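Database features, via TrEMBL:
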DOMAIN    A:2-329  domain 'FAD dependent oxidoreductase'
BINDING   A:37-38, A:44-45, A:49-51, A:Val164, A:Thr182, A:312-317  FAD binding site
BINDING   A:Gln53, A:His217  D-dopa binding site
BINDING   A:Tyr228, A:Arg283, A:Gly313  D-serine binding site
Amino acid sequence: MRVVVIGAGVIGLSTALCIHERYRSVLKSLDVMVYADRFTPLTTTDVAAGLWQPYLSEPSNPQEAHWNQQTFNYLLSLIGSPNAANMGLAPVSGYNLFREAVPDPYWKDIVLGFRKLTLRELDMFPDYSYGWFNTSLILEGRKYLQWLTERLTERGVKFFLRKVESFEEVVREGADVIINCTGVWAGALQPDPLLQPGRGQIIKVDAPWLKHFVITHDPERGIYKSPYIIPGLQAITLGGIFQLGNWSETSNIPDHNTIWEGCCRLEPTLKDAKIIGEWSGFRPVRPQVRLEREQLRFGSSNTEVIHNYGHGGFGLTIHWGCAQEVAKLFGKILEERNLLRIPPSHL
Amino acid sequence: MDTVRIAVVGAGVMGLSTAVCISKMVPGCSITVISDKFTPETTSDVAAGMLIPPTYPDTPIQKQKQWFKETFDHLFAIVNSAEAEDAGVILVSGWQIFQSIPTEEVPYWADVVLGFRKMTKDELKKFPQHVFGHAFTTLKCEGPAYLPWLQKRVKGNGGLILTRRIEDLWELHPSFDIVVNCSGLGSRQLAGDSKIFPVRGQVLKVQAPWVKHFIRDSSGLTYIYPGVSNVTLGGTRQKGDWNLSPDAEISKEILSRCCALEPSLRGAYDLREKVGLRPTRPSVRLEKELLAQDSRRLPVVHHYGHGSGGIAMHWGTALEATRLVNECVQVLRTPAPKSKL
């Protein structure tokens, strides 16, 4: 069984790992290969701040809420392992701020210790009058991708730097199943008018005295268009840019100023912070995550593709639930083809 | 009106904060801070500086709450200003955990810190040996930044800072009119106070920047306090132990206890051992004393003995010490009654 995973961001690598963990022992042979034209630190995942937090409103596909929860519970179970920090994982607490009262988010019982802010806490943020406090998790993209790469390498999964121009080329080389984790660039392999870039720009600074995330919300402007400060394992990510349809990968000065002014207003001590760097990335925005099977016919062969892309600004937040779902679909393919030696244990 | 000359003995958090308070609240006086040790070599520099107050057995709870609240409010104003980083004050959230349910589930200071509540069952899952806990947000005030920040303020308000080891408070007579004694453990000698004794604390200051929360076992023996640029792991409470040299066995043991609470600390690096002697007393000594010898008189305001609550209580007690200093100044300024012939 030859599986080609296209894409080496968090979605590609975690899906590859999930499939290999579940099926290696129940197949006569399982060859998993990762093809990508970008690897860490050049993927979209590397730009993400890494805070586990879904969007505020319920997803149109209720499965996504379930995948978010699965991911949080999975990551939480790893807290307490001595390796957590090596994976890029750590608990982090902080503030979500609003200018007026809003309903509680659907994920309030998934995170830990969710509560509303007291008046004294709101005094710290003069531009905001309502908010939440909760404990969540940081999963830092770069460290996590390095960790996933190590785990995959241990398992004999091979990585290839190549730009895949079509599913057909991969099929002709002998792939049985293709896992399409190409993120915002999925349209190049198969047009998808529902997929758009949600360009983000972030500034990474050294400000180790900041221990909390602070995310502001402006419901009129939309998600991630309002300043946010998110501590990583070492550096702090400052952001607040979300531009639909903008494919510019270079960081620009007007966005830098928007981020810098917004975040310094929120946290005046940032004036003393040293800037480490500035990055841009494209959130793969889609009304729903595309997670489904598709059969492709090229000549006489039938190839299975499992799509797993379009995770917007919540890729790290949802990744493990999606990886498990892809693994389930992969299992179905194996059953249909009578390839299983013994039925896989269902997690 | 003559300038009243005030000497503050001790340049830890008590001496410096009292000097700042006096310079702001007592008009017409000159301030000189005199000490043999300055930051970063004071006890205040070793302290983690967490605003989680102890309980002084001999002090009314209302008074302790007042001191803690005044200190918290003072530092909270700093943390919300652009000066927070210079002053070494940060906001930090975390958990105090109990191995058995305490008789007092809500401590007196619960409404002084931010967002105080009991830990949820899910939160407690992280600590399998513990059955109860508090979750809250508080402040951390770090000596190595805060003391220089205070020193700048003392000098900015016209105060002098002198290096000198005082062996006897009378050395300050007649150059000074009032002495403020903030000498901590030094008061055993300087004030002949046998009630004060050291409680030795050994800590490790380590690099573990992924640790964003404090964790404190309610016994006060094991704690993890993330700071600006390192994490303090502790500790010990060794009564009557004056030894300032770190003990390697104790360091191993502290690391092991902390790793049990936070396993990721096994990846901590750049470990540095530090020792501080908490100046411990059944209550803080905050009172006036008029020293007399032959015809000489020397008003002294004692301000020492905060044990493990120095940083947590410093501003509240400094304000009270300043009120006492003001009383001494009033007495000095009241003209002596003229005998009527």
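Even glycines carry a Cβ here, placed using N, Cα and C.
Curation plays no part in TrEMBL annotations; they are all automatic predictions.
A gap of 6 Å separates the Cα atoms of A:Gln53 (D-dopa binding site) and A:Thr317 (FAD binding site). A straight line from the CA of A:Asp37 (FAD binding site) to the CA of A:Arg283 (D-serine binding site) spans 17 Å.
The average pLDDT for the domain 'FAD dependent oxidoreductase' (A:2-329) in the predicted structure is 96. Residues A:Tyr228, A:Arg283, A:Gly313 are the ones the record ties to D-serine, and the longest Cα gap between any two of them is 16 Å. Taking the C-alpha positions, the distance from A:Leu51 (FAD binding site) to A:Arg283 (D-serine binding site) comes to 14 Å.
Checking each of the binding-site residues A:Thr44, A:Thr182, A:His217, A:Thr317 against A:Arg283 (D-serine binding site) by C-alpha distance, the shortest gap belongs to A:Thr44. Secondary structure from DSSP puts A:Tyr228 (D-serine binding site) in a beta strand. On a Cα basis, A:Tyr228 (D-serine binding site) lies 17 Å away from A:Thr317 (FAD binding site). The Cβ of A:Thr44 (FAD binding site) lies under 8 Å from the Cβ of A:Gly9, A:Gly183, A:Val184, A:Gly281, A:Phe282, A:Arg283, A:Pro284, A:Gly315, each on the same chain and at least six residues away in sequence.
Here nothing among the binding-site residues A:Ala49, A:Thr182, A:Gly313 falls inside 10 Å of the CA of A:His217 (D-dopa binding site). Distance noted between the C-alpha atoms of A:Thr182 (FAD binding site) and A:Tyr228 (D-serine binding site) is 27 Å. The number of other CB atoms found within 10 A of the CB of A:Gly315 (FAD binding site), across every protein chain shown, is 24. Secondary structure at A:Gly313 (FAD binding site), as computed by DSSP, is helix. Cβ contacts within 10 Å of A:Thr317 (FAD binding site), excluding its own Cβ and spanning all protein chains shown: 28. Around A:Leu51 (FAD binding site), a 10 Å sphere centred on its CB holds 22 further CB atoms from the protein chains shown.
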